[in-house]
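The divalent metal cation binding site feature in TrEMBL is assigned to H51, H135, H139.
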Amino acid sequence: MQDSIHTRELLLHELSVLVRTTRQLLMKIDAADWTFRPHESMRTLKELATHLVQIPAVDLAILLENDEIAIRQLEAELSAEDKEGLIDVLETGFIRLKEYMESLDPHTFFEKKTTAFYAHEPNSQAKWLLEIVTHTAHHRAQLFTYLKQLGYDVGMFDLY
């Protein structure tokens, strides 16, 4: 049982690092750069930042088996005009996700399975948390790359 609690704590800690470092990257952004798009097939900086900060709240809603209409509505509600608002979306979503994951006993964390509206196979809550960590890390890396392309002073130490 201790190992399962330790696993959850490790994943939540890693997500907290991603949240903290994403906040730090967002604080560097000048509003004039929100429209930057590295390629026509990619999101703008603002679209990427919005998607990134929504991950904890939206993925929680998905793992709780909300349907696609509810998810799209939540995404529309979780938008912000500035970096401070985006950070609030990120931190509030993380708190809610953390509270949910910490409320699960070890058996439920590893054995309860739920299915996303877009998936054919269910995932355990532990697998969902791992997916959320990797999803967040992926888009934080994109944000870092966008900022590098824009000439921001960002480096390895902004990620730890």
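Think of each number as a place in line: the chain as shown, counted from 1.
In case you wondered, yes, glycine gets a Cβ from its N, Cα and C as well.
A C-beta separation below 8 Å, combined with a sequence spacing of at least six in one chain, links H51 (divalent metal cation binding site) to R43, H139. Taking the mean position of the Cβ atoms of H51, H135, H139 as the divalent metal cation site, the remaining residues of that chain whose Cβ falls within 8 Å of it are L48, L52, Q54, I55, T136, H138, R140, Q142. With the fewest other C-beta atoms within 10 Å around its C-beta, H135 stands out among the binding-site residues H135, H139.
According to its DSSP assignment, H51 (divalent metal cation binding site) is helical. Secondary structure at H135 (divalent metal cation binding site), taken from DSSP and collapsed to helix, strand or coil, is helix.
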